[in-house]
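> The structure follows.
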Amino acid sequence: MNLSDLSHPNQLRDLSVSQLGRLAQQIRDKHLQTVAATGGHLGPGLGVVELTLALYKTLDLDRDRVVWDVGHQAYPHKMLTGRYANFHTLRQKDGLAGYLKRAESPFDCWGAGHASTSISAALGMALARDFQGLNRKVVAIIGDGALTGGMALEALNHAGHLSKTNLMVILNDNEMSISENVGGLSLYLNRLRTDPALRQIRSNLETQLRNIPLVGPTFSPEFERFKDTVKYMTMTRSKAGVIFEELGFTYLGPIDGHNLGDLIETFEFAHSLPGPVFLHAITVKGKGYEVAEQNQIKYHAQSAFDLATGKAKPASKPTPPAYTSVFAQTLVKLAEQNEKIVGITAAMPTGTGLDKFKERFADRYFDVGIAEQHAVTMAAGLAADGMRPVAAIYSTFLQRAFDQIIHDVAIQDLPVFFCLDRAGVVGEDGPTHHGVFDLAYLRQIPGLVVMAPKDEAELQRMMVTGIQYTKGPIAVRYPRGSGSGAPLMAEGWDPVPIGKAEVLRSGDDLLIVAIGTMVHPSLQAAALLSEHGIDATVVNARFAKPLDTELLLPLARRIGRVVTVEEGCRMGGFGSAVLEALMDGGIAVPTLRIGIDDKFVTHAGRSQLLDLLGLTPSGIAKTIRESLSTEPVSAPRA
C-alpha cells in the first residue's frame, strides 16, 4: 500500500511490519519535501514516524483517543488521517494548520500549541469514558521537553492516583543518548514484572503474610522492603522508571522508538494492562535526515530550506536585523556594564535570542525548561535580593504565568524586566502562538509599566529603560521578524522617559495614536489620508501604561477626533486605555479603535494576516475613511 492510497488510519491494522516500514519512508519523504517548501517543524515529526504507525496499528481510531502534546510531532498523524493529499498546504493561508485542530479533522481530538497539556486532557477523556461506560483506549504522547512543564507533572501525579482509570502515557524521549538495555531484554523484563499471574501471586502472598497472627503486622514492613527491592532490580534499565512507578504507573521501557516490531508488541501488551501505564520510547529527533540528526536544535523548526544542503533559502533582498537579534545584542552590551543582569528563558534560548547572552555570560543565564510560572517567580526572587532579572518569554507563553506576575512580582513591586518576543501576530503558527493579548492582560496590573517600540532603534532605548527602572515590574513587547531598518547604535543609548509619548506628524483633522509596530503604518496611512484632504496628527504612544495623558488629552480636546491603532486585541487593549483616559478626562470626542476583533486569528504569513486584519497603511486609511464618511471632516470640535 502507498501512503496516497490510505484513506483511513484503521487500514494500518491489516498491514505487515514490512509494509509499515515502506509507509514510514514515504511519510519521511513527504514530510521533508513539504517542510522544505513551506517551513515548519522538522525534527520532531521525523522522529515519531515508526511510533505513530505502530501505535495506530494497535488502535481503532474511530473509537480510541490519541492526544498529541503541543503538535510539533503530529505531521505523520496528519498524513495518516486523511490529509496526505492536502499536506502541501501546511501552514499556508487557507491550508492545513501547523498544529492539531479539532475543527480540521475528527481524528484531532485535542488541539494545542502550548506544551504540557496532553496528559491532563487525556486523563479528562479517560474519566469521561469511564463515566459513560464506554470501551475506548486513551493515549497521551508527550516529549521529554514538554514533560518538564509543571502541568504535565501535576497530571502524572493525579493520573497515578486513579489506579482504576486506564490511561497510556507515551514519553517520546528524543534525547541523543539511548540506554544500553533497549531491546529484547527490556521487553522480557516488562513482561516478567507485569505478568498478571505474578501480580496475583504477589497480592496473595502479601495478604497471607498480613493475616498471620501476631507475626503478620511485623512482617508487612519487611514485605514492603522486599517489594521495593524487586521493583528496583527489575528497573535497572531506567532510573526514571522508578519515579513513574512510585507515582502509580506501570512503567514499560525504554524501548527503541524506531523498531516497528518491538513497538507493536509493546503497545499491544500495554493495552492489556489495567490502570495507568507509562511507556518510555527512545527516538532520534530528525530521524532519516542526516542534516537534522546532526543539528537537532537548529532543525527542530525551519523556514523554507534547500533539501539537498539543509540551508535556508536566501531572502530575495537583504533584510534589516530581527527584533530578537537587536534585543539580544543590546542585552549583552548592557550586561557587560552591569553584573547584576541575569537572563531567564523558559526552554526558548534560540527563539528569544538568549543563546547569545549564554555564550557571553553562562553563569548569569538560566533556562528553566517549559516552566513559565517558575521562571517568573524565580525572577521575582532574584529581584528581591538585588539582581536585575530579564525574563525573555514569548508573549503567548507569558499568559501561563499571569498569577505569578500579579502575586509574586507586582504586589511586591519587584523590578522584574519582562521582554515579550513574538508580540502581535506571528504568522504560520496560528492562534495558539499569536501574541495579541498581552497589552490587555498586562495593563490591568497595578504598578506594571508596559512599553512597545515603534522600531528596533527604539527597542534599544527601551532596553535601557527597562534595566534602569527599579520602582516595580516593567515589560516591553516586540514582534517576530525584521525591523524597519532604523539606524542602530552600538552603545550609548538614552533611555525613553517613562510614560512619555512623541508627536511624529501634525495635522488638525484627526489624532491618530498608535503603539509599537503600528506607528510606521499609521504614519503611512496619514500620508494616504492627506491625499483625500484629511490632515492627521500621529503620536507614537510608546507606553500602553502609563499613558502620556499630558500630551494626549489636550490634543484630543483640540482636534476632536481620535483613532487608536494597535497590533493586539481591541477588547481591553491599548485603544480601550486611551478611551478610558478620554472619558476620565471629560473629553467626549468620536473615537475609533483599530485593532484585532474579538476572535482568534488564523494561520498565514505575517504580512498576509496584517492585510487580512486591516493593519496595513492602506487598511488603516480605508477604515478611517469609512468611519469618517458618515461624519463631515468639518464637524464641530468637542
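Backbone N, Cα and C define each Cβ position, glycine as well.
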> Out of GLU359, GLU372, GLU456, GLU458, which does Swiss-Prot tie to the same thiamine diphosphate site as HIS72, GLY113, HIS114, ALA115, GLY145, ALA146, ASN174, TYR289?
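Thiamine diphosphate site check in Swiss-Prot: besides HIS72, GLY113, HIS114, ALA115, GLY145, ALA146, ASN174, TYR289, the record includes GLU372 out of GLU359, GLU372, GLU456, GLU458.
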> Out of ASP144, GLU372, which of the binding-site residues has the smallest number of neighbouring Cβ atoms within 10 Å?
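Looking at the binding-site residues ASP144, GLU372, the Cβ with the fewest others within 10 Å is that of ASP144.
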> So for HIS72 (thiamine diphosphate binding site), how many other CB atoms are inside 10 Å of its CB?
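Other Cβ atoms found within 10 Å: 26.
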> How far is it from ASP144 (Mg(2+) binding site) to ASN174 (thiamine diphosphate binding site), counting Cα to Cα, in Å?
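Their Cα atoms are separated by 7 Å.
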> In sequence order, what residues of the same chain, 6+ apart, have a Cβ less than 8 Å from the Cβ of GLY145 (thiamine diphosphate binding site)?
ALA115, ALA347, GLY369, ILE370
> Residues with Cβ closer than 8 Å to the Cβ of ASN174 (thiamine diphosphate binding site), same chain and 6+ apart in sequence?
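Same-chain residues close to ASN174 (thiamine diphosphate binding site) (Cβ under 8 Å, separated by 6 or more) are GLY43, PRO44, GLY47, GLY143, ASP144, ILE282, THR283, VAL284, LYS285, GLN296.
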> Starting from the Cβ of HIS114 (thiamine diphosphate binding site), draw a 10 Å sphere and report how many other Cβ atoms land inside it.
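Other Cβ atoms within 10 Å of HIS114 (thiamine diphosphate binding site): 21.
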> Rounded to a whole number, what is the top Cα to Cα distance in Å among the residues the record ties to thiamine diphosphate, namely HIS72, GLY113, HIS114, ALA115, GLY145, ALA146, ASN174, TYR289, GLU372?
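Across HIS72, GLY113, HIS114, ALA115, GLY145, ALA146, ASN174, TYR289, GLU372, the widest Cα separation comes out at 32 Å.
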